[in-house]
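Novice: Annotations per TrEMBL:
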- B:1-18: compositional bias 'Low complexity' (COMPBIAS)
- B:25-88: domain 'RNA polymerase sigma-70 region 2' (DOMAIN)
- B:120-167: domain 'RNA polymerase sigma factor 70 region 4 type 2' (DOMAIN)
- B:180-270: domain 'DUF6596' (DOMAIN)
- B:1-21: region 'Disordered' (REGION)
- B:382-403: region 'Disordered' (REGION)
Amino acid sequence: MAKYLLLKHYRSSHAIAKDELVPMDQWTPDEVTAHIDFMRRVADELRERGEFVDGQALSPEGTFVRYDGEGRPPVTDGPFAETKDLIAGWMIVDVDSQERAYEAAARLSAAPGAGGEPIHEWIEVRPFLGEPPVVTE
Amino acid sequence: MTDQPDQPGQPGQPDQPGLGEVLRDLTPQVLGILVRRGADFAAAEDAVQEALVEALRHWPEPGGRPDNPRAWLVTVAGRKLVDAQRSAHARARRELRVHLEPGPGPAAQADDTLLLLSRCCHPALTPASAIALTLRAVGGLTTAQIAEAFLVPEATMAQRITRAKRTVSGQRFDRPGEVGAVLRVLYLVFNEGFSGTVDLAEEAIRLTRQLAAATDDPEVDGLLALMLLHHARRRARRTPAGAVVPLADQDRSSWDTAMVAEGVEVLQAALARDALGEYQAQAAIAALHDDAATAEETDWPQVLEWYDELIRLAPSPVVALNRAVAVGEVDGPLAALRLVEGLPADLPRRDAVAAWLHERAGDRDEAARRYRLAAERATNLAERDHLTRQASRLNRGPGPRAG
């Protein structure tokens, strides 16, 4: 088993697959509800398969923070009105193979958007660095 | 078929010394008895878990511990099983009562261990499902403990176990399956090592010991020996901070010599039966390493001979890569590099081995480059950090080679 982080980007260069993505606030309320229901259903499916580890949606507003030297307050930058690459949410799955991780990501990407059509958004799949095996010789 | 709540109280819990251990040893025996008498596996597994909960509730009371703990558990689990089936299957209940009467003999118990393990490691299950089911149904671990060992939520692990039980449910239990499938699962459990509060390596050794006691197969002993011979080095494998220490640089005085001795003894008895297999060959290699007081004293020609056997028995790119390391020690780094460069480029640790060989051949720049590549492609953190340090050591200019 291996863990993978599925990153749901929003507005990244990869986020637009087929057509320009219609912003969510311009969908009908039913379309928004359908999208959210779909995401919850996928999480439930993964839970039922014994593969779900964790998942969260993230607030779109974020701030950059960095260390500025001993005894000084941290430096902050942002929030920015327009970010080029925004992470909308993430999910962690624990699956038997990379293929299975891709399958789960593709399922997430089938979430419906405007007009009830799948939005085909790109999901970034990143393997976790795990523990080394005991036997290596 | 539901996943039962887990029993509290496990080995090491201070208020019930030994009780958890006793119950974990009895779990597969009781389950095996019920299943052999015709009970459905999934239903029997639930019933055994319920009986364990009862045992934990009543046994610590004064005079609560029964004289024959196994018979007690069989009776209680059998009653739970009957209760569960009462409403739906009145007729099946009568038949089951008849089945539950006879007591088991020692030979039947031995068969049960293999029967249960082969069912939990059924080829229809994915490795992860097989591991989870084995640890619970045979290992007697709670769902919470298994979840913690694999760093997933308990609800997820409960689902994984429930699905696994559904998959094997309805499969007949009349004869044991292939031992090879069981050995592969136990090997995977061992290789998971240690995370969280459950030492999976120890657990794998415990289960393999049970299987070795119940079967007559030199490969089972080969796997047990392999585990012992590697587990003996556990204290030397990492620094206190968690960094990887390669075999050549390990403090051999911290190896567990008693465990090495046991591993060698088990291996020799297995080899004497003249039915060589891949686990015996791997154990033989581990034994040769364990036998060397210093890395320089390693009998590499003999290690290479065993790799030749291993590659004949179980050919794979991973074995070919490990064999190349032995070739490097016997015939020199250039001969080994020719072998390594012929292996698939995406093979894990290929660049790490190539880097080591290039350094031995005197090409520090290429060695540094390959260590960096290897670090980028490492699949675990400890290995990546180790490889990054190797690359940085070479990039900092000439100096004595350090681990």
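Keep in mind that glycine also has a Cβ here, set from the backbone N, Cα and C atoms.
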Novice: Please work out the mean pLDDT for the residues of the domain 'DUF6596' (B:180-270).
Specialist: 93
Novice: In the domain 'RNA polymerase sigma factor 70 region 4 type 2' (B:120-167), how many residues does DSSP put in helix, strand and coil?
Specialist: 34 helix, 0 strand, 14 coil
Novice: Give me the DSSP three-state residue breakdown of the domain 'DUF6596' (B:180-270), ordered helix, strand, coil.
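Specialist: Taking the domain 'DUF6596' (B:180-270) as a whole: 65 helix, 6 strand, 20 coil.
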